[in-house]
Amino acid sequence: PRVCVVGSGPAGFYTAQHILKHHGGALVDIYEKLPVPFGLVRFGVAPDHPEVKNVINTFTQTAHSERCAYYGNVTVGRDVTVPELQRAYHAVVLSYGAEDNRVLGIPGENLPGVYSARAFVGWYNGLPENRDLKPDLSCETALILGHGNVALDIARILLSPLQLLRKTDITDSSLAALACSKVKRVWLIGRRGPLQVAFTIKELREMINLPGARAVLDPADFTGLESAVKDAPRPRKRLTELMLRTALGKPVEMQAAAGAAAPREWGLKFQRSPQEVLPSADGRRAGGIRMALTRLEGSGDSAKAIPTGDVEELECGLVLSSIGYRSLPLDPAVPFDSQRGVIPNSSGRVEGVPGLYCSGWVKRGPTGVIITTMNDSFDTAQSVLEDLQGGLLDVSPSREGFGLVESILRSRGVRPVSFSDWEKIDAAEVARGKAAGKPREKIVDPAEMLQIIGH
């Protein structure tokens, strides 16, 4: 059987890995829009979290299997359609992730100085489409809307000492911009309370221990939480206790921990919902934000934030909206639930289209970490294997796989990039990084990537 996977992030690679491991004869081709593989492992994971990127080694092993092939620089839906892939393969798995962000839907969100977290992360991680973002870091106060790990990542990058960032694979141009940054205060705003934050304890601890930055948490936000959290699951309990200890930390201890007079600070603000981004005095850019104060109805993860009628305004010159990523439809031939931003499916089988599957964020929505995506992708791969075994996928007609796709791409003037081509780009990046004393210097222009491999 010939299987095709669209997208080379964790969802795509884990799906391919599971099929290859559990079916001795399957051939898997992975298609990717960019010349370079690995999706959010390369473009989403924070530069100062190199250990999280170790999964790339496993993905590289999969790509080196003689039954697996990688075709980068191919945009499915434009260069080749999903029906064309279905004619070439016995099964097609869509694992193309979430390439857009949710919008706030409030006045002023299009003012200069307002950015989506997705674009900002893409900028410092070298995602080609965000390489020209040029965020304005000339203000002292930045505001991040959202209480997830991505929000904490951004706060940490904005406040990290440069000598820490210089040793990472952060892009050269964003490092230069951060070196001139005037930002010294970062507020992270959430609509709900401390018991509903979505970040994990590891990220919070890292933020609390960030050299030269002081945590500012209001003890009043944590009143009565000790008893409320008694019966909470252990991770939630430990996370809340850490916030509580930080909020109540004696000034002397906190200062000793932060290094006498910390020049920078960050804090969490709760039960505030953005209503409007306010313009600066000259009206040319963001100058502040108006927030509705909220009260919570219900408890735990299902608590809803209801506006109380009171509002509050905060001055800031940089607003980063970290309220979630969003998947987009890929091809008119594929059903898509635009309300939920997912492909309707059951265990990864796309509803009403036999032989078509999905995995990862486009299957379940943009939540969870790499391990969540791994389990989710194994689940989809299992559905493919069951359908092969049960005869639901007709493998009697031989399918041409890449042979057919190649002639389609050639007729449209598209030249795919192979995995060994990627390894040449990789080697060039590592060599450039070595010269600068960092793990790699990412190439951010696809034209330059193609030039390196002589395309």
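The backbone N, Cα and C atoms fix where each Cβ goes, and this holds for glycine too.
Look at TrEMBL and you will find 2-158 tagged as domain 'FAD/NAD(P)-binding'.
Of all Cβ atoms in the protein chains displayed, 29 besides its own lie within 10 Å of the Cβ of TRP361 (FAD binding site). Positions annotated as FAD binding site by TrEMBL: ALA11, GLU32, LEU40, VAL76, TRP361, GLY368, VAL369, ILE370.
The NADP(+) binding site annotation in TrEMBL covers HIS147, GLY148, ASN149, VAL150, ARG191, ARG192, GLU203, GLY368. Within the same chain, the residues at least 6 positions away from ARG192 (NADP(+) binding site) whose Cβ sits under 8 Å from its Cβ are HIS147, PHE270, GLN271, THR294, LEU296, ALA303, ALA305, listed in sequence order.
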Among GLU32, GLU203, the most crowded of the binding-site residues [Cβ within 10 Å]: GLU32
Nonlocal neighbours by CB distance (under 8 Å) for ILE370 (FAD binding site), same chain, sequence gap 6 or more: PRO10, VAL41, VAL52, VAL55
Candidates GLY148, ASN149, VAL150, ARG191 (binding-site residues) - the one closest to GLU32 (FAD binding site) by CA: VAL150
Surrounding CB atoms that lie within 10 Å of the CB of ASN149 (NADP(+) binding site), all protein chains: 19
Inter-residue C-alpha distance, ARG191 (NADP(+) binding site) and VAL369 (FAD binding site) (nearest angstrom): 22
Cα separation, VAL150 (NADP(+) binding site) to TRP361 (FAD binding site) (Å, whole number): 16
Local Cβ density at VAL76 (FAD binding site) - other Cβ atoms counted within 10 Å: 23
Among GLY148, ASN149, GLU203, which are recorded as binding-site residues, the nearest neighbour of LEU40 (FAD binding site) by Cα: ASN149
